[in-house]
Amino acid sequence: MAATVTETFEVQVGPTISSYVSVVEVAPVDYGIYVGLGFLAFFLGTVTFGLRMYVRSVMIKTFGLDDWILVAAYVTFVGLVALFIAIPAEILAHGLQDAYFTSVGLSNIWLAVYGVVSALVRIATAAFFLRVVPAQTLYKWHRFVLISVVSAYAVFSVVVGFVLLGQCGMTWPEVNMKLYTDKCFDTNTMYDLLWALAVATAVADWAMTLIPIAVVFKGAMSTRTKRTSAPVILLAALGGIVSIIRIPFNDYFVLEGPQSMPHYMIWLTLALYEMCIALAATSLAATRPLLQKWLGAKQGSSAYASFTRPNAYGKSTITVMSKIQVTRGPAVTTTLKDDIAEEVVQIPEEA
């Protein structure tokens, strides 16, 4: 059954401030579902991020620039999830009529944080793929396009997020849109900015999908590197699909009153899970050593590895790629190496 919600808005034109009362009917919504979806996104993002951190810091004890970028992305992602959960939680606690303006303010802050998270996740993903795309003259333009697209997207994403946050001003009545001034963007401008950001997101995601695919088909990578890259390419493609699916829902983006909150939460949820998928894809890209270890423990396992042995001169080493069978019998010194990250896990040598 629809509920009647009454809100008082203030409009400032020049020095004159007038107020008007809006009475609307709002469709019933179980906002508790959105609280649950927020916690689910946090769980998925945290598990995948945690797996990557375990592999990088515990298994192989190597931490690169892309890892630090991903740490920053995860921290801001947690803030994004917290804001997402706070919006329906505020409505559940106080009712839509009393919580509407607070929810609008939280939503506008969410947009700014979203712009930062989106930029950081794409930068971290691009950093991974730049290790995949060979640094050879033949692939110079692939790297140039990838760097250019992601750099432009990162700047645009952050700028749009903060422009939408401060479109009317930075005081709380202006951020939560209770006070609408002649400085505020009109609805069409807000839609145009959001559509441009959605298209830019799709372009960036598909650039990070198609460019590595092109390199793979040209045979520029080793078989092991291709196996490592394929899952993250597929996940990046999934993120690109979600970013396209979300575009038609951009009509739900602008909050024009309490009656638009049910549709707005749909858009917000899709945007959150698009970010969650992007974070998960980047995190899972570096978990292949953990998968190899798990398969080895479960199956007695055959895995691709590099044997490192002293050469005839006793000092330097030679490395031979081979498929080995790990057993509990007499062992030789063996290293398991991830081609992409150039990471090493040592299996202890027995006397």
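Placed from the backbone N, Cα and C atoms, the Cβ positions cover glycine too.
The shown structure was predicted, so the numbers you read here are calculated from the model rather than taken from an experiment.
According to TrEMBL:
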- 51-293: domain 'Rhodopsin' (DOMAIN)
- 31-55: transmembrane segment (TRANSMEM)
- 67-89: transmembrane segment (TRANSMEM)
- 109-132: transmembrane segment (TRANSMEM)
- 144-173: transmembrane segment (TRANSMEM)
- 193-217: transmembrane segment (TRANSMEM)
- 229-249: transmembrane segment (TRANSMEM)
- 264-286: transmembrane segment (TRANSMEM)
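Tertiary neighbourhood of the transmembrane segment (144-173): same-chain residues 10, 105, 108-109, 111-116, 118-120, 122-123, 125-126, 129-130, 133, 179-181, 183-185, 190, 193-194, 196-197, 200-201, 203-204, 207-208, 211, selected by CB-CB distance under 8 Å and a gap of 6+ residues from either end.
Within its own chain, the transmembrane segment (67-89) is flanked in space by residues 31-32, 34-35, 38-39, 41-42, 45-46, 49, 52-53, 56, 103, 106-107, 109-110, 113-114, 116-117, 120-121, 123-124, 127, 265, 268-269, 272, 275-276, 279, 282-283, 286, which lie at least six positions past its ends and keep a Cβ under 8 Å from the stretch. Per-residue confidence over the domain 'Rhodopsin' (51-293) averages 83 (mean pLDDT, predicted model).
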